[in-house]
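K.L.:
So TrEMBL says this about it:
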- R295: active site (ACT_SITE)
- Q110, H112, E137, H276: Zn(2+) binding site (BINDING)
- 6-154: domain 'Phosphomannose isomerase type I catalytic' (DOMAIN)
- 170-257: domain 'Phosphomannose isomerase type I helical insertion' (DOMAIN)
- 337-377: domain 'Phosphomannose isomerase type I C-terminal' (DOMAIN)
Amino acid sequence: MAEIRVFPLSCVVQNYSWGKVGLESEVAKLVASGDPLVQIQPDQPYAELWMGTHPRGDALIRDNRIPQKTLGQWIADNPACLGAKVKDAFQGHLPFLFKVLSVNTALSVQAHPNKELAAKLHAQFPEHYPDANHKPEMAIALTPFEGMCGFRPVEEIVSFLQNVPELRALIGEVAAEQLERSGSDDPRGVSAALRVCFTRLMKSEKKFFVDQLNMLVKRISQEAAEGKDTSGSNGELLLRLHSQYPGDIGCFTIYFLNLVRLEPGEAMFLGANEPHAYLHGDCVEVMACSDNTVRAGLTPKFIDVLTLCEMLNYTPAPSSSKILPAVQSQLDPHVYLYDPPVPDFTIMRIEIPASIKLYLISAMDSASILLVIQGTAVGTSTAAASEMSLRRGSVLFISANESISLHLSSPDGMLLFRACCLL
């Protein structure tokens, strides 16, 4: 029997409290349709689906002819499946973790360290920073998706400082005026002033910021009840985050960070030291294999304000600059590439129209993971033991240099996402 190098996976669900509940969750819907035997609990959050080899969520192999139980074990025994370049560059490990996220309430305000800082944090505080790798991430919306990412243009922050007296009180007059005076002709001066303002906010005394936050919430609630426009104080988002995390300093970060809204198919790339927080919606996400997260608000978890304020990239930029465009492949018009400025991962969005009944998932010199979002097909491959039936929620591992023929059977075509590493 030929060696099996293409096979279906059964992936791990994480039930974090911020996830969408029951069948409201895209994660739950994908899992339920991918495996009809799974029972979805209507009151349980289904936050993340992990497709990869992470030790806290190593995917199970759904093929009993393969002796290894998990993808991580199989790759360890068959490292050539990664592709020659990937195997050498990433020491025989799959370099990415592929996920689906269903976000109901905000995730923490956080940033991920670069490699140099990750190594230092891991050496000093291994209980909080479990590895020495960087953790760039990319999110692609499946439904309308909202997140905060990167520092707003200075004029927007200054406008909030002038319209939100409670914010100005926390930052202090000296720091606020320094930011107001900083000119666009001096980017280093702007970044320095921004760092002082954000650090002043994040380090404010708990009692003081809770008092100011309560005053702000009370004022905006009254203005909203009177039918006034509260957009000058970012009122709608403030009330929403305060209802989720009352008394949390993270509520004030909305005045510093861009609000990014993605339509389905749009992507946002989060590089090292970029402050961000996902707020609501469903997305596919891919990241480097790491658990290093520096948090500072909107969370009950360990927060490390000092490290966060030190490490952040204080370069202001408009929210439009955070959106990573997909580029149509020159080799295949049905493939759109999301290729971020890091080597660890790339995602392909594959849209097969209903008119096509036979489609080739092409071979590449990298292992990849394929997720079906929409449509049905039967997949055949010389590297698979038998035909594979693919439907919404199916996940396949494809070794490097292997291809799959899809025989489509759905009247409305297919939508697939494929995570890989293009070195």
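Cβ atoms here come from the backbone N, Cα and C positions, even for glycine.
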K.L.:
Under an 8 Å Cβ to Cβ limit, what residues of the same chain, 6 or more beyond the ends of the domain 'Phosphomannose isomerase type I C-terminal' (337-377), are close to it?
P.N.:
9, 30, 34, 51-52, 75, 81-86, 89-90, 94-96, 98, 100, 136, 138, 140, 142, 265, 267, 269, 271, 284, 286-288, 324, 326-329, 331, 389-423
K.L.:
Is it possible to list how many residues within the domain 'Phosphomannose isomerase type I catalytic' (6-154) are helical, extended or coil according to DSSP?
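P.N.:
For the domain 'Phosphomannose isomerase type I catalytic' (6-154), the helix, strand and coil counts are 40 helix, 43 strand, 66 coil.
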K.L.:
Write out, in the order they occur in the sequence, the residues of the chain not among Q110, H112, E137, H276 that have a C-beta within 8 Å of the mean position of the C-beta atoms of the recorded Zn(2+) site.
P.N.:
A111, K135, L270, E274, P275, T293
K.L.:
If you compare CA-to-CA distances from R295 (active site) to each of the binding-site residues Q110, H112, E137, H276, which comes out shortest?
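P.N.:
Checking each of Q110, H112, E137, H276 against R295 (active site), the shortest Cα distance is to Q110.
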K.L.:
Restricting to the chain of Q110 (Zn(2+) binding site) and a gap of 6 or more, list residues whose Cβ falls under 8 Å of its Cβ, or answer none.
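P.N.:
Sequence-distant Cβ neighbours: P275, H276, A277, T293, V294, R295, A296, T299, L308.
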K.L.:
Counting each residue once, how many in the domain 'Phosphomannose isomerase type I helical insertion' (170-257) are helix, strand and coil under DSSP?
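P.N.:
Counting residues by DSSP class gives 67 helix, 1 strand, 20 coil.
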K.L.:
Which ones in the same chain are close to H112 (Zn(2+) binding site), with CB under 8 Å and 6+ residues apart in sequence?
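P.N.:
Same-chain residues close to H112 (Zn(2+) binding site) (Cβ under 8 Å, separated by 6 or more) are H134, K135, P136, E137, L270, A272, N273, E274, S290, N292, T293, V294.
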